[in-house]
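Visitor: Mind having a look at this structure? Questions to follow.
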């Protein structure tokens, strides 16, 4: 270290130059202004020389060529590396020598940022805060502004490590050139307790529309951080005209702007005043908050904070009162203040349901349900109840009402009715029926409520007058009930609900003639419903006006078409048949009923018609009607109709009479139903002993029955031939069976249906036996392969007997059982 000291003294030390160095020394002498020989000399010494020799050569080089950046950089790096392992506090003198070396270099190289960076990094290793800060400032002054970022990259960490006032001053300078890092500066200001300046910085960046947070914070988030700072350090932040900080104004501006954060901001403003000791102002803020917030969430937040604030004050006052009691002191003013605060707190808790209701009504003053709840909250307080009803009526816009507005008016009138003031209730009802409700139905309900009120008070004449006024309309009204451009008052006279109540009222308290007039008026206005027709007809029937009753049904049938007309015809025909009017007239009615009747509804009417002919007419006429019915009914009812027709024909004219019916049924019905009909037909012929006819029917039905999917049919035919046939007929049956099977095998659709039937049958058998699914899949695959082989086989001559021909093995068809098949033998038994 002493040698390095001598080197720094710039005195030549020839002992550090050896004979081997002469070539380099001579080269230096020959080229005194060039750095190349010096660099070669230094390179040589770095490989062969000692540390002292290396330092000596570098020192000489920098003295001879003081403007060489390369030589100085090499020398400075060499010296800083040499002392870097030493403790800067203990070896401060050694560090100071290197500092002096940097100062020498900067005399001529003060525009070199790399030299400054090396010097500043070296200084930051030493406990020289002031000197380091001044050196940073010198670097900023010496270098052009385009290179300041390199210095600030070191200056900022130094400032943060220095902390305190030093850091703040450095950051203030940094903010002048890099305002985008304001958030970091604010963190520093908060950390050192300069809250007022931090708030000013927040205000500055919030007022700058070009500011973009490097932490991706939005405008609200920054503003919220500022508010939290103001509230948390309420006493430390300087406010007033001098500082330009008005906390209440700032927070209130946020309450107006950020609607979804009002509860939090009201609590924040109140907390601010609490921390500043202004309890009354805090209470005023809480009161304003709970009476202005728009959501239940915000209300709950503010109200809970309010109650917590009051409880804390009361708790503190009670502790003080307890302390006074222990000491035996009496302070009437303090005790009175405690009593007042407790009463105020109880009043606040009592107000909670009303305040909550206010919140919901502020959200939507047209909410009828909430107004009803408010009325219920007042209970027996009649003055407040009336005031609430008046406020509701004034606040609610009828066209925007949510809920049953007419019910609010009704309850208002009932309030006076319950108090015995019927005249006031009537005045309310008179006003209520003039309100432009959203729908005619509400107005109709209002009129009905008025009439019911009169009925409850046994004022029947008044009720009649009310309803007569409600349905009052021009003689020939052309108003469209569904025309929304007209007011409900202009359309209410066509309200079916209103007329229905009116007719019930007239029917119960007035004469038949008056009731008929009301019904006739309903028909004139063309608002009658099927129920109106039925009620009117029943009324006349009860009073023995049977023919008039029938006329009403006919008028109803003129008004309504099917399907409504079906119900009216059903009632009308039933009443007419029960009345036992002339058979000719009944026939005319039934003919009218079935004339335009859709197939869907024809079955019932035809059955009634046929039953009439059976009971009061001729059986032959009934059969003709049933025959017509088989053509008129819907497809899904046709098979049932044929079966009914066959049953009636057999009971009236014997089994042979059913043959043409069976034949027409087989021709008219689809294949599946025709097959069942053939089986019944064949069974009937068998019972009559017509074996050949039965066999012919089986032969005809065979074309509908694939042996693989309909084995039940072939089983029955087989049993039939066994019982009644011979070898020839049995062979013929087998021939037909093979022929049909071959026919179906050529149809891809039938092949698919056969495979499906087989798979379903196998699945059912395996489920019954508890077998696994693997065997079922194998058998289904085998069945499908067999079907494919049969489908590919050529269709040729069909032999009359079964058996192996030409050495080929017969294919045994897999028998499929139909779980839905009907055993006709059991049915016959």
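Glycine too: its Cβ is placed from the backbone N, Cα and C atoms.
Marked as region 'Disordered' by Swiss-Prot: 799-829. Marked as repeat 'HAT 1' by Swiss-Prot: 15-47. Marked as repeat 'HAT 2' by Swiss-Prot: 49-81. According to Swiss-Prot, the feature repeat 'HAT 3' maps to 93-125. Summarising the annotation, Swiss-Prot assigns repeat 'HAT 4' to 127-161. Taken from Swiss-Prot, the feature repeat 'HAT 5' covers 163-182. The repeat 'HAT 6' annotation in Swiss-Prot covers 277-312. If you look up Swiss-Prot, you'll see 380-418 marked as repeat 'HAT 7'. Look at Swiss-Prot and you will find 420-456 tagged as repeat 'HAT 8'. What Swiss-Prot records for 473-505 is repeat 'HAT 9'. Annotated repeat 'HAT 10' per Swiss-Prot: 544-578, in sequence order. Summarising the annotation, Swiss-Prot assigns repeat 'HAT 11' to 581-615. Marked as repeat 'HAT 12' by Swiss-Prot: 689-723.
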Visitor: Are there residues at least 6 beyond the ends of the repeat 'HAT 4' (127-161) whose Cβ is under 8 Å from a Cβ of it, and what are they?
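Guide: Hits for the repeat 'HAT 4' (127-161): 88-89, 106, 110-111, 113, 116-117, 119-121, 167, 170-171, 174, 177-178, 188.
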Visitor: What does the DSSP secondary structure composition of the repeat 'HAT 1' (15-47) look like, as residue counts for helix, strand and coil?
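Guide: Its residues divide into 26 helix, 0 strand, 7 coil.
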Visitor: Can you name the far-off residues of the same chain, 6+ from the ends of the repeat 'HAT 3' (93-125), with a Cβ under 8 Å from a Cβ of it?
Guide: 1, 4-5, 8, 62, 66-67, 69, 72-73, 75-77, 79-80, 83-84, 86, 131-132, 135-136, 139, 142-144, 147, 150-151, 154-155, 158
Visitor: May I have the DSSP-based helix, strand and coil counts for the residues of the repeat 'HAT 8' (420-456)?
Guide: 28 helix, 0 strand, 9 coil
Visitor: Would you mind giving the whole-number mean pLDDT across the repeat 'HAT 12' (689-723)?
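Guide: When the pLDDT values over the repeat 'HAT 12' (689-723) are averaged, the result is 75.
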